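What TrEMBL records for this protein:
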- 1-20: signal peptide (SIGNAL)
- 15-134: domain 'Ig-like' (DOMAIN)
- 144-231: domain 'Ig-like' (DOMAIN)
- 260-281: transmembrane segment (TRANSMEM)
Amino acid sequence: FYFSYGFLLLLLHIPRAVIALEEKIIVSKLGDNATLSCIYQGRELHLKNLRVYWQIADDQEECSVVHALISGQDNESEQCIHFKNRTQLFWDRLKNGDFSLLLLNVSQSDEHRYKCVVLQKTEYTRVIHQAEVVLSLAASYSQPILSGPIRNSDSTGEEVTFSCKSGNGYPEPNVYWINKTDNSHLPPSQLNITPHADGTYSVFSTLRVKATSNMQIECSIENKILRENLSANYTQQKQSNGSSTESHKNLEKNGQGAQAAGIVSIVVLIGLLVVLTCWLWRRRSSKLVSY
């Protein structure tokens, strides 16, 4: 273990042919904690003889050290500021060869390819395990809101506009307009994807089509990383003579019911007044006789 940190960085770039390299893709939601896996399935290990390095494998990064474990102790001297107080190993699993790293409160700036390198000192220092993990981040979009026209039966052939909006998602979504009568895709007339300060996106899209007698339109928001596909459907709301007549009949029925209820209330009120009058008259008559 008596060699410089620069030499250690060279060890981290040992060709893949030396050690079988396991690679995994981890998908985490923004703000959650992500576990980057690195598991060595070998004989029992002595932590004092080990050095474990987690680093960013992207070459363009100026600072690459995510976490370091030296002789059974965390070493923060070379750790990137971005990862300070945000990483930890699972201490109860280390002796069993589980060197997975817990990364707290992940954000878009954590999207990298990470490398785990485990070195062991016996007669000489050698790499006994290495792994790569790709961290992808995502956030679910809100249920899309689809708005469309309320039209008359004689508006077939007129151009109408639909709008669809959703938000609080990541990464940028795919937006699809679908004609559900034949499941054909329709090109959007407008598509705006707006980034927000927290890193998420909102989307707003419009569709202009000619009205038909049986319009069924769907707006679909796809998040490829989460494999989520949220949709909202529109079925034409047509005002026809038949529906208007039916509504008129319902109004008449409601009016007749309200009128009957009013008559019953008046009869009850008159009855109460008669009873009260009779009671008062009898009381007055009894007072006169007594007098």
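Positions of Cβ are set from backbone N, Cα and C atoms, glycine also.
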Per DSSP, what is the residue count of the domain 'Ig-like' (15-134) in each of helix, strand and coil? 15 helix, 54 strand, 51 coil
The domain 'Ig-like' (144-231) - residue tally per DSSP class, helix then strand then coil: 3 helix, 55 strand, 30 coil
